[in-house]
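Look at Swiss-Prot and you will find T579, Y676 tagged as 2-oxoglutarate binding site, backed by similarity to another entry. If you look up Swiss-Prot, you'll see H582, D584, H684 marked as Fe cation binding site, on the strength of similarity to another entry. What Swiss-Prot records for S80 is phosphoserine, and it gives similarity to another entry as the kind of evidence. What Swiss-Prot records for 64-158, 178-248, 774-795 is region 'Disordered'. According to Swiss-Prot, the feature motif 'Nuclear localization signal' maps to 252-263.
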Amino acid sequence: MFRSTRTTDQWRVGERLQCPAGHARAALARTADGGAVGPFKCVFVGEMAAQVGAVRVVRAVAAQEEPDKEGKEKPHVGVSPRGVKRQRRASSGGSQEKRGRPSQDPPLAPPHRRRRSRQHPGPLPPTNAAPTVPGPVEPLLLPPPPPPSLAPAGPTVAAPLPAPGTSALFTFSPLTVSAAGPKHKGHKERHKHHHHRGSDGDPGACVPGDLKHKDKQENGERSGGVPLIKAPKRETADENGKTQRADDFVLKKIKKKKKKKHREDMRGRRLKMYNKEVQTVCAGLTRISKEILTQGQLNSTSGVNKESFRYLKDEQLCRLNLGMQEYRVPQGVQTPFTTHQEHSIRRNFLKTGTKFSNFIHEEHQSNGGALVLHAYMDELSFLSPMEMERFSEEFLALTFSENEKNAAYYALAIVHGAAAYLPDFLDYFAFNFPNTPVKMEILGKKDIETTTISNFHTQVNRTYCCGTYRAGPMRQISLVGAVDEEVGDYFPEFLDMLEESPFLKMTLPWGTLSSLQLQCRSQSDDGPIMWVRPGEQMIPTADMPKSPFKRRRSMNEIKNLQYLPRTSEPREVLFEDRTRAHADHVGQGFDWQSTAAVGVLKAVQFGEWSDQPRITKDVICFHAEDFTDVVQRLQLDLHEPPVSQCVQWVDEAKLNQMRREGIRYARIQLCDNDIYFIPRNVIHQFKTVSAVCSLAWHIRLKQYHPVVETAQNTESNSNMDCGLEVDSQCVRIKTESEERCTEMQLLTTASPSFPPPSELHLQDLKTQPLPVFKVESRLDSDQQHSLQAHPSTPV
């Protein structure tokens, strides 16, 4: 019969599929010797004649494959549909991959095999390179093989035939693993779809698929026991998409380590001797000229001894009270725990040309555009008492200095920490003067209760927590004696403590800068006064105190009790602790005149002390030159008390609007132990941030009230010009005010042309409103008063 190469290949495949290894070799030998029959006859093997399944398989393989209408091969008779699908996918995928196109049918690999992982995936599905069952995949992927030979292509292990008693077809036992040979270079190529195929030139490169079941280690060696040749390391892609080899990455890492060590060796290690908490002036970090430190006194062995010696030299220089050139504030050392704003303020020194210029700091606020003057007591602690007085004079002269329009240059001046030597105001009066009557408001109500300062101190102590207390504020009390409806008393010991400060000694109502000449401090009508505020806070309705005064309910309230929805019922109440914009002034009516103000702040502590001073007030001050514009924009009623001069609160939106209109302002936060000075014509508003006890008073500066000196100069000039002696007459100038009515007499010499009283105050009337004058003779006057009896009369 006729025999072709294709028939021989199919016979080999059939024998290899169903027979064991030994029987497959024998069948191949018989086929080579001519023992095979034609394509339309059955081949019966002697050893396998009893197995019907084997006969069916051999008959199906020996049958001539006829293509269908579409040009595809018909499925084999004895092959299951699953095997046919695998053969079709393998054939179509291989042909497409040969043409450079990926196969349309996806491989049968499980989804986890598409992602490269280092775990053992288990048995792999058949691929193009190494099929699990050696079948017709190899002839489809490779060109026609050479003439058949007896030597097999490679050591292959075929599944044994099923037992004679079994009737099922293709029931294979688990595959056995054979020893793998050496892996040649270029054995497998990486495809973009993670498929592997054998090389075209080497028929032995097609390794059976059971080699793929071996575990792989990280170093590329197989765990089968036989070491393989390591494949070249793949290039890894970095973040930028560039590929770099692993050895290059290791080299770069080593170079970086070497550079880092080299830099550490070059820099050297420097020990930190001081912590942040001790980096102060007293820690030995001050700068002293090198001429003072002699080389013989220094210990070159220890750096700590050097710093200790420097500290001792600083202390000696401080005791000697040397000049500011020899002992100055260090430039590089600042006090600890300073905020960024405070640090920037301390860096800006005001160049006054004096030796105290390093202690005066000027702040130009970028938002508001106004100027603020600052001084810090921790820097002034180096000064002697005499130098402190000289510095106070210079600082206050700058504070109240004015331009040609009689407007102050600075909106506010602050001496931070200047009141630290004073005791807590509330504790002082509660323990030393417990029966002093005070007027106390009820929190959130308009009722006023009169109690003692000791009882008020107890309520504050009971409700104080974290900077605020939930008791009513204490209204102002006078410290220089109560007049009419005022509350307070005269406390000379406390006033003496205030005068210990050089800043307060000059700016008290009877101070050296004041125009008043009082015989006793109790005659002052400008203060000081003291009051206590709890701080702005939100208070739940359950914590709101009830009013002690019962009032009759109206019919409207009784009707509202029928239905109160929870949405409309307030659950908490905002307690506003604010003083709206106002201008400090003295006098009423035509005697109204703006004046300066001084204040001292003491936070209510009750045992909660901290290194950093607590913020107590949030202040907004407008520039004195914009006084008229601010009065018009805010609609101020200057003749009202300070509490009711303005009806609206100036917030950030209003400030921004006024700033766009050219009005300058300064926003400052005042802290515990601060002393502040406000020049005249400066409109300001206060908001209490935390519980604070405040002192305040007005000061009538000599530069604001030059009336008495002008009157005396005019009197001397008139006495020199007048040559006639006539009976002396008394001119009584009566000034009427709302609070009091005082009379003042000026003794002058009568002349035929007596000058009117308005000429005596010609210079003062240019900037102040005219008071009401009454001229009477001395004979008709029933009462006589001297100028020294009432020196505090505003004129």
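Note that Cβ sites are derived from N, Cα and C of the backbone, with glycine treated the same way.
Features as recorded by Swiss-Prot, highlighted on the structure.
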{"residue": "T579", "record": "2-oxoglutarate binding site", "Cβ contacts under 8 Å, 6 or more apart": "P642, V643, Q685, F686, K687"}
{"residue": "H582", "record": "Fe cation binding site", "Cβ contacts under 8 Å, 6 or more apart": "L636, P642, V643, Q645, C646, I683, H684, Q685"}
{"residue": "D584", "record": "Fe cation binding site", "Cβ contacts under 8 Å, 6 or more apart": "S594, T595, A596, A597, P642, I678, R680, H698"}
{"residue": "Y676", "record": "2-oxoglutarate binding site", "Cβ contacts under 8 Å, 6 or more apart": "L412, A413, I414, V415, V598, G599, L601, V619, L670"}
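For the Fe cation site, the Cβ centre of H582, D584, H684 serves as reference, and the other residues of the chain with Cβ at most 8 Å from it are A581, A583, A597, P642, Q645, I678, V682, I683, Q685. Mean per-residue pLDDT, taken over the motif 'Nuclear localization signal' (252-263), amounts to 57.
In the three-state DSSP reading, H582 (Fe cation binding site) counts as strand. The Cβ neighbour count for H684 (Fe cation binding site), using a 10 Å radius over every protein chain in view, is 22.
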